[in-house]
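Annotated features, as they stand in TrEMBL:
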- 36-270: domain 'Orn/DAP/Arg decarboxylase 2 N-terminal' (DOMAIN)
- Lys59: N6-(pyridoxal phosphate)lysine (MOD_RES)
- Cys335: active site, proton donor (ACT_SITE)
Amino acid sequence: MSLHTAHLRAHSDVSRLDTFIALSDFDRPTLVVDLDRVEAQFRALSAGLGRAQIHYAVKANPADEVIDRLVALGSHFDAASRGEIALCLDRGAKPREISFGNTIKRASDIAWAWDRGITLFAADAEEELEKIAEHAPGARVYIRLIVEVSEADWPLTRKFGCDKDTALRLLDYARDLHLDPVGFSFHVGSQTRRAEMWAPALDALAEIWTAAQDAGHGLTVLNIGGGFPAFYGEEIEAPEAYARAVMDLVTARFGDVPHIMAEPGRGMVAEAGTIVAETMLVSRKSDRDIHRWVYIDIGRFSGLAETEGEAIRYQFETARDGDQMGPCILAGPSCDSADVLYEKRPIMLPMTLRAGDRVLIRNTGAYTSTYSSVGFNGFPPLDVICI
Ligand SMILES: *Cc1c(COP(=O)(O)O)cnc(C)c1O
């Protein structure tokens, strides 16, 4: 698919959002989420993923209405905490549809989840297995592996998972603890733009899978995690084609695995959301300053944390985009000097932009409301409206 069609696709469904936004006033930064677009993403990902079961990664966007829509569509859920499990149960998900996928769990939360019927847990260390064995005796566990090579724009590889030898030892240890070790999980890295980037991780996993079977473990669950991309200006495949290509890579290596789980977060909700922000100030630091500074009312501490390292490059739109465009350094409103969104690669905004102008930030439905801190520096956290 060409960049052009990717761009068209990303903007083809915005009219419902844009109509709502145009007719509304907002007195603080607001994320508007189109639930129909979430549904379309779910259907496309499901179609491409085939027999894999979707466990939506709740942290990407935990709005009640998003969870409600996904429950209605038959999604399952990957939860990372007691709070996320409680949310899914409250919104009507069944306990057996929820996996406790964080490898770092409080013992009392394991007991709480087990008590409510959650039976599937992730682990990547001995001590975690011991906690699970004590507080969820006999539970199903999968071992999370480190992905060594990742070309993802937002890699998650360092904090979670264990290497091959540790993983094989943990399977044995889980069995010794009378748990039910059912398989492996990994995360290829968030915003993995092309499906073929999954191949090295799947190759490594296939080797470990075979070694585990040779060691006598009858594995049944392969959890391929998240990584499904959203459109941020660089070419990506449409969700159905992307998911199908990933499943082709999986099937070529793991044809007969009974249960495959996939945990899209970003790919499910990012393109369903637009943030409505406001320009607070346009200025230059000196007469010779070639860059304008544009300050908007949302920053790194109120929802746009993924601008860290300028890794995720959001798309900005204003009503003046027909005017001459020029580069600017874009910054948030707070009094923290780290609250600069894009500086190394400046953002193009209209030269006529001025304080009070509305700025739309596209495809921001994922990892914005969850990263919005509770009013850092007195600036209100990101409001969320689902339509
Ligand atoms: C965050 C997370 C996901 C979702 O990742 P995306 O890249 O947003 O799809 C999936 N699985 C686990 C375990 C996660 O922590």
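One-based numbering along the chain as shown.
Backbone N, Cα and C atoms are what each Cβ position is placed from, and that goes for glycine too.
Note that TrEMBL annotation is computational and uncurated.
Note on Cys335 (active site, proton donor): other Cβ atoms within 10 Å of its Cβ, all shown chains, come to 10.
Sequence-distant neighbours of the residue listed as 'N6-(pyridoxal phosphate)lysine': residues of the same chain at least 6 apart with a C-beta under 8 Å from its C-beta are Ala80, Glu84, Gly265, Tyr367, Thr370.
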